[in-house]
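Annotation source Swiss-Prot lists disulfide bond at CYS2-CYS16, CYS9-CYS21, CYS15-CYS26, CYS20-CYS33, citing similarity to another entry. Annotation comment: Swiss-Prot describes GLU13, GLU14 as 4-carboxyglutamate, evidence class experimental evidence. Residues annotated as 6'-bromotryptophan in Swiss-Prot: TRP34.
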Amino acid sequence: ECKTNKMSCSLHEECCRFRCCFHGKCQTSVFGCWVDP
């Protein structure tokens with residue numbers, strides 16, 4: 001359901017846990033952008 005690394009995205013929430021949407025692709029992040037305030 002969620003998107004893994006290198007998959008296209010437009011929002012952090014589209015990416016799997018501990019991943020952020022940067023430059024249109026999901027990328028791993030230790031902070032996990034999915035919990036952004």
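In case you wondered, yes, glycine gets a Cβ from its N, Cα and C as well.
Worth saying up front: this structure is predicted, and the values here are computed from it rather than measured.
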Inset, instruction - Within 10 Å of CYS2 (disulfide bond) by C-alpha distance: pick out those among the recorded positions GLU13, CYS21, CYS33, and say none if nothing qualifies. - result: GLU13
Inset, instruction - Using C-alpha positions only, work out which of the recorded positions CYS9, GLU13, GLU14, CYS26 is nearest to CYS20 (disulfide bond). - result: CYS26
Legend entry - For GLU14 (4-carboxyglutamate), nearby residues of its own chain (Cβ under 8 Å, 6 or more apart in sequence): CYS2, LYS3, CYS21, CYS26
Legend entry - For GLU14 (4-carboxyglutamate), the three-state class that DSSP assigns: helix
Inset, instruction - Could you check what DSSP calls CYS20 (disulfide bond) once collapsed to helix, strand or coil? - result: strand
Inset, instruction - Could you check the disulfide-bonded residues CYS15, CYS20, CYS21, CYS26, CYS33 and say which one's CB has the most other CB atoms within 10 Å? - result: CYS15
